[in-house]
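Chemist: Here you go, one structure.
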């Protein structure tokens, strides 16, 4: 808030007179002022630091800078800024996000690692100047590191994973998505020193083979989350070892791993009863047989992405409706064998009334307005995708809205085709995206 005083615009912080500030400082002990300042964000702290010398000292006290997120300032953050922050915060800093800060490189992060040895959570997602040298620094100075995000740091190699293994034994969560130089050798080195890993994001690590998963399955019994999206070389052999070695697994993304078959679903059903999230989009070899085993054994499923699992039929939906009462999000996009009958079972199932929030049915050509009738009793339903469902009508959507007035319906409808022009030119036809 800014106020005009004698023609001069001043911020609320600048409106404090010396006497006002002196009263506050006199009435409240330093410890209490520090406690108040600890609730302020980075921008507000910097503003407070400009009020007076006393507040400058309080605002810039290292204890107020335990958690810093610089994403909103990513274009302005250069290495020297990180170095200055590290010198000011020192051992107080526990969590730092430099996501998207393209100007930050190895030298600045070495200074940071030397000064902030109690760091526990570090996000370097998209810091493309980062190389193995940064992980070497973290290994040398930051032994308390628990969460590290190196996604899209494409210069990272197996050497980084070896360094982390040697110096960061408490590591629980690591994201090296799109670090496509990483191979099974790096994974082997990592898991031997970081056996407490709970979350591992390997999306787009296209060189990884089944051997890498065997190392994970053998050394990471605490693993809860694993993302293998578009790891194209992965097969049943590798994923089965994960299922057998990681019984606490709750979230698995294998979207784009087109080599996997029902053997994976059987292994998950037999070994991972706590599974909550399964993403297997574009895994076209999966069938009703595998999903039947999965549904009958994994009753805690909450989110399933089955996009382009083109072999599944209503049988899968029947099993989910019976055995998965917690299901909240279900994607069936491009599952062209799904019919109104499957949606009827889902709408009458255990998850329907209080749990189901999102269902994606785009490009399911057999779905009609009858499916919308079956879903009207799903009172928690927030969004439904109906793009390119040619048998869905505006009238059907309108009827659904009478029962679920707050639902977001996404659908395509072709506009009315205009009459031929007098000049006889070729008729044009367009499809418009209408967000209903």
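Yeah, the Cβs are placed from backbone N, Cα and C, and that goes for glycine too.
Below are the features listed in Swiss-Prot for this protein:
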DOMAIN    22-68  domain 'F-box'
REPEAT    74-100  repeat 'LRR 1'
REPEAT    101-126  repeat 'LRR 2'
REPEAT    127-152  repeat 'LRR 3'
REPEAT    153-178  repeat 'LRR 4'
REPEAT    179-204  repeat 'LRR 5'
REPEAT    205-230  repeat 'LRR 6'
REPEAT    257-282  repeat 'LRR 8'
REPEAT    283-308  repeat 'LRR 9'
REPEAT    309-334  repeat 'LRR 10'
REPEAT    335-363  repeat 'LRR 11'
REPEAT    364-388  repeat 'LRR 12'
REPEAT    389-414  repeat 'LRR 13'
MOD_RES   417  phosphothreonine
MOD_RES   421  phosphoserine
Chemist: In the same chain, who gets a Cβ under 8 Å from the repeat 'LRR 4' (153-178) while lying at least 6 residues past its ends?
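Modeler: Contacts of the repeat 'LRR 4' (153-178) (Cβ under 8 Å, skipping residues fewer than 6 from its ends): 124-128, 130-132, 134-136, 138-140, 142-147, 185-187, 189-194, 196-205, 225, 227.
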Chemist: Within the repeat 'LRR 5' (179-204), how many residues are helix, strand or coil going by DSSP?
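Modeler: DSSP classes over the repeat 'LRR 5' (179-204) add up to 10 helix, 3 strand, 13 coil.
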Chemist: Within the repeat 'LRR 8' (257-282), count helix residues (DSSP H, G, I), strand residues (E, B) and coil residues, in that order.
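Modeler: Per DSSP, the residues of the repeat 'LRR 8' (257-282) fall into 10 helix, 3 strand, 13 coil.
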Chemist: Tally of helix, strand and coil residues over the repeat 'LRR 4' (153-178) according to DSSP?
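Modeler: Going through the repeat 'LRR 4' (153-178) residue by residue, I get 10 helix, 3 strand, 13 coil.
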Chemist: Please count the residues of the repeat 'LRR 1' (74-100) that DSSP assigns to helix (H, G, I), strand (E, B) and coil.
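Modeler: Its residues fall into 14 helix, 4 strand, 9 coil.
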Chemist: Could you give the number of helix, strand and coil residues in the repeat 'LRR 12' (364-388) as assigned by DSSP?
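Modeler: Tallying H, G and I as helix, E and B as strand, the rest coil: 7 helix, 4 strand, 14 coil.
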